[in-house]
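Q: Residues or ranges marked as active site by TrEMBL: 19. Among the features that TrEMBL reports, active site, proton acceptor is placed at 67. The annotation Mg(2+) binding site is assigned in TrEMBL to 19, 206. Here TrEMBL flags 20-24, 32, 36, 64-66, 68, 70, 187, 193-195 as substrate binding site.
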């Protein structure tokens, strides 16, 4: 049993690249789609854990803008799995107080899938226990480019002056702008890169990598990540001494 971490040690926002479904299946001499189905069960376990620990936001990288280049048979099967998951899980997520959101370019999805995505967002919009953001057809560079384009259009329309554009204004146009930036990033499957995921949002996020393949990801592995996170000092560009001074000021206030 792990002791309950303090509130400060629990990340408000966790972002995860769910890697390793295909390799998990291949090691068992099974089709890759079996791995993706097993990965869907790992998503449910992760949501359970976040609800239990009081994490307020969870963002999952489900399908990147580059994944459209995978074999068409696999893409079609993934879209079918995605559609069935929405049909099956939304009512349960609603019951448990989970708000569902999607970030990314929806235009490449089929009309029925876009309708299910919009329906899931509408049904769960008032929920606040956990904000579950699913990155689908998403790329971090694309995210920044679209934000820049939105500001450029405002300048062209005369609603904004170029000198008014700063980091805060650009950040307000980036995906997940209304959520705290991710405190903890996790990637399963052994690779140690962020693969064009939340490039802007991860600027000061703590990174944690594990060899565990996504279908095997469970509460024990996630607790390891939280234990590691709890032992880190987040400085945001400051020195350790400055962080200590701020903590002293806060405790004496």
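Cβ atoms are placed via backbone N, Cα and C, with glycine included.
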Q: For the binding-site residues listed here, 24, 68, which shows the highest count of neighbouring CB atoms within 10 A?
A: 24
Q: Provide, as an integer number of angstrom, the distance between the C-alpha atoms of residue 187 (substrate binding site) and residue 19 (active site).
A: 7
Q: Could you measure between residue 24 (substrate binding site) and residue 206 (Mg(2+) binding site) for me? Cα positions, answer in whole angstrom.
A: 26
Q: For the recorded positions 65, 67, which Cβ has the most other Cβ atoms within 10 Å, all shown protein chains included?
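A: Within the set of recorded positions, the most crowded position is 65.
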Q: So if I measure Cβ to Cβ from residue 22 (substrate binding site) and keep only same-chain residues at least 6 apart in sequence, which ones fall under 8 Å?
A: 32, 35, 36
Q: What's the CA-CA gap between residue 65 (substrate binding site) and residue 19 (active site) in angstrom, rounded?
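A: The separation of the Cα atoms works out to 15 Å.
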Q: Between the recorded positions 19, 20, 67, which lies closest to residue 206 (Mg(2+) binding site), Cα to Cα?
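A: Checking each of 19, 20, 67 against residue 206 (Mg(2+) binding site), the shortest Cα distance is to 19.
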Q: Through the lens of DSSP with three states only, how would you label residue 206 (Mg(2+) binding site)?
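A: DSSP assigns residue 206 (Mg(2+) binding site) to strand.
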Q: I'd like to know which of the recorded positions 19, 206 has the most other Cβ atoms within 10 Å of its Cβ.
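A: By the 10 Å Cβ neighbour count, 19 comes out on top.
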Q: C-alpha of residue 194 (substrate binding site) to C-alpha of the residue listed as 'active site': distance in Å?
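A: Per the Cα atoms, residue 194 (substrate binding site) and the residue listed as 'active site' stand 11 Å apart.
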Q: Far apart in sequence but close in space: which same-chain residues, 6 or more away, have a Cβ under 8 Å from residue 20 (substrate binding site)?
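A: Within the chain, residue 20 (substrate binding site) has Cβ neighbours under 8 Å at 35, 39, 188, 189, 190, 212, 213, 214, 215, 216.
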Q: Could you state the CA-to-CA distance between the residue listed as 'active site' and residue 68 (substrate binding site) to the nearest Å?
A: 16
